[in-house]
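Features reported for this protein in TrEMBL:
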- A:13-87: domain 'Glycine transporter' (DOMAIN)
- A:99-173: domain 'Glycine transporter' (DOMAIN)
- A:12-31: transmembrane segment (TRANSMEM)
- A:38-58: transmembrane segment (TRANSMEM)
- A:70-87: transmembrane segment (TRANSMEM)
- A:99-117: transmembrane segment (TRANSMEM)
- A:123-144: transmembrane segment (TRANSMEM)
- A:156-176: transmembrane segment (TRANSMEM)
- A:182-203: transmembrane segment (TRANSMEM)
Amino acid sequence: MASQIFAPDVEQVLDVSGIFVFALSGSLLAVRKNFDVFGMAVLAEATALGGGVIRDLIIGAVPPVAFTNTGYFLTPLLAATVVFFLHPEVTRINRTVQTLDALGLGLFAVTGTAKAHDYGLGVIASVALGLITAVGGGVIRDLLAMETPSLLRWDRSLYAVPAMLGAGITAALIAFDDLNAVTGTAATLVAFGLRMLALHYNLRAPRAWRRGSSQTGEA
Amino acid sequence: MASQIFAPDVEQVLDVSGIFVFALSGSLLAVRKNFDVFGMAVLAEATALGGGVIRDLIIGAVPPVAFTNTGYFLTPLLAATVVFFLHPEVTRINRTVQTLDALGLGLFAVTGTAKAHDYGLGVIASVALGLITAVGGGVIRDLLAMETPSLLRWDRSLYAVPAMLGAGITAALIAFDDLNAVTGTAATLVAFGLRMLALHYNLRAPRAWRRGSSQTGEA
Amino acid sequence: MASQIFAPDVEQVLDVSGIFVFALSGSLLAVRKNFDVFGMAVLAEATALGGGVIRDLIIGAVPPVAFTNTGYFLTPLLAATVVFFLHPEVTRINRTVQTLDALGLGLFAVTGTAKAHDYGLGVIASVALGLITAVGGGVIRDLLAMETPSLLRWDRSLYAVPAMLGAGITAALIAFDDLNAVTGTAATLVAFGLRMLALHYNLRAPRAWRRGSSQTGEA
């Protein structure tokens with residue numbers, strides 16, 4: 001199976017790490033929105049597992065892995081607990097959190113694409129589902145917190161494009177029957193690297209083309 | 001089957017009662033938001049049936065019971081009709097509506113947990129799905145009305161915790177093979193009781209821990 | 001199969017046309033909200049395909065057709081590209097876009113109802129799913145853009161009622177075993193006609209009944 005890119009133990013460790021850091025971002029938003037501890041847990045779960053749940057519902061992998069792997073389900077609660085007691089400290093290491101988040105973004109784009117392909121979806125659909133796996137949780141997080149999804153906003157650095165790149169490379173590797181632990185890691189790192197560049201240089205995607213006018217002043 | 005806690009006729013009556021009162025809360029919010037009669041019907045349906053639909057999609061029980069049991073589907077339309085003509089009166093008996101809502105909360109937490117377990121989910125996942133069954137519709141209601149989900153807000157009395165308690169007791173009863181009409185009713189009443197206490201004493205969940213500062217003044 | 005109302009080639013052309021014009025409305029909203037080009041693509045996809053994806057998840061047709069028919073998936077990207085370069089022109093022909101949107105509304109209500117019935121759902125559930133197919137994408141579009149769903153708002157002309165009428169006629173035609181290309185087209189045109197009347201005369205649905213007070217002044 002293409003989705004078995006890494007050895008099961010390795011994949012489990014990687015997945016749990018990605019889930020943990022995604023859950024941190026959900027919990028931190030809940031703190032900023034002044035939600036209670038239960039709202040922190042809900043946003044942690046939704047951010048960390050939401051993208052994978054949507055992917056699994058669409059490809060027909062029910063119940064979604066988020067509901068069958070207890071470790072995946074409990075990890076966001078651990079992240080919410082950490083943020084509950086230590087949110088000023090977690091906020092202070094924001095740079096580290098963003099770096100780990102970029103790794104999770106790349107990882108979920110690659111593994112999500114591979115899992116969708118395993119369930120028989122075509123190349124384009126698999127890339128779309130890799131993207132949904134990587135960014136879907138963040139959209140659900142923002143909707144629950146009544147914020148415009150940062151994914152869609154012009155004034156945020158590139159987030160979806162790195163995930164699309166990682167998913168696209170993965171789909172190409174599958175097509176050439178060349179997806180394995182080494183190439184899968186490489187695809188993850190390419191997505192990670194582009195995301196880090198976007199953060200560092202504040203790279204943005206363009207807005208709709210405005211003839212004869214500047215692109216500024218409307219954000 | 002664990003989900004057959006009550007005799008079918010009894011369960012049907014209980015479910016329809018819970019659906020009706022959940023639908024009242026959806027219709028009333030639609031009136032407050034100045035939606036038209038169609039918006040009232042949509043919010044009634046989404047509030048009353050949304051949690052169960054999410055549960056059924058996740059456990060793979062498709063089509064969801066909301067789309068196969070015509071009585072379940074039509075009940076919210078009846079509630080919307082009542083609110084259309086009598087919303088000042090329904091608002092005036094708010095205390096009664098909240099009491100019935102607390103009963104529905106407990107009931108759906110218990111039956112949702114049992115149904116998820118019947119479909120082969122583990123203990124923790126079943127509790128999570130019992131919770132989703134009980135509170136999911138309210139979250140969808142708030143999102144459609146562009147309001148911060150009251151479930152997540154710090155300044156609202158405990159709502160999810162009673163549902164979690166009812167779901168947890170149900171899971172324990174299943175584990176000890178002891179879930180039946182009597183114990184299921186007891187679990188429902190425990191959740192109901194805690195919710196009524198939360199309403200009466202305005203019990204709230206804490207927010208993230210703030211060292212060296214008071215917890216007030218930011219809501 | 002009732003869902004094979006039209007010859008496959010004809011249905012494909014009709015569907016893609018409806019998807020294209022729904023995607024235009026999503027892309028245009030993204031421009032108004034100042035989203036970047038990626039946000040335009042997401043809103044185009046969600047608006048055009050969201051209703052059908054929800055329908056397919058509920059009836060158990062996974063993966064949803066939006067993920068198996070590459071043409072369906074790529075069409076919204078084409079619409080987003082057109083809007084990217086030509087959004088002032090597309091906005092200027094708003095009347096034409098609304099007319100095509102009304103045709104898409106009728107078409108998806110009819111085909112959605114027929115597909116739900118094919119998957120074994122009852123009359124009322126099939127009508128509900130025809131309605132969800134036609135209007136679900138627009139609700140997702142509005143939620144992602146943090147706008148109150150125009151479907152629910154009192155101050156917008158009738159949108160759901162034409163779709164319900166088209167879906168209801170389709171269900172009746174199925175019940176009498178009389179659904180074919182001619183009658184299916186007629187049902188589509190009835191929904192289309194009512195939507196055009198609603199646009200032209202600004203027909204609205206009533207809000208909740210207020211005894212002894214006028215219905216105005218609160219929007």
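Note: Cβ is positioned from N, Cα and C throughout, glycine not excepted.
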Long-range CB partners for the transmembrane segment (A:99-117) (under 8 A, at least six residues beyond its ends), listed in sequence order, are 2-3, 5, 11, 14-15, 17-19, 21-22, 25, 51-52, 55, 59, 61, 123, 125-127, 129-135, 159, 162-164, 166-167, 169-171, 174, 179, 184, 187-192, 195-196, 199
Structural state census, the domain 'Glycine transporter' (A:13-87) (DSSP three-state): 64 helix, 2 strand, 9 coil
Over the domain 'Glycine transporter' (A:13-87) the mean pLDDT stands at 95
When the domain 'Glycine transporter' (A:99-173) is classified with DSSP, how many of its residues are helical, how many are strand and how many are coil? 56 helix, 1 strand, 18 coil
Under 8 Å between C-beta atoms and at least six residues away from its ends: which parts of the chain pack against the transmembrane segment (A:182-203)? 5-6, 98-99, 102-103, 105-107, 109-111, 114, 157-159, 161-163, 165-166, 169-170, 173
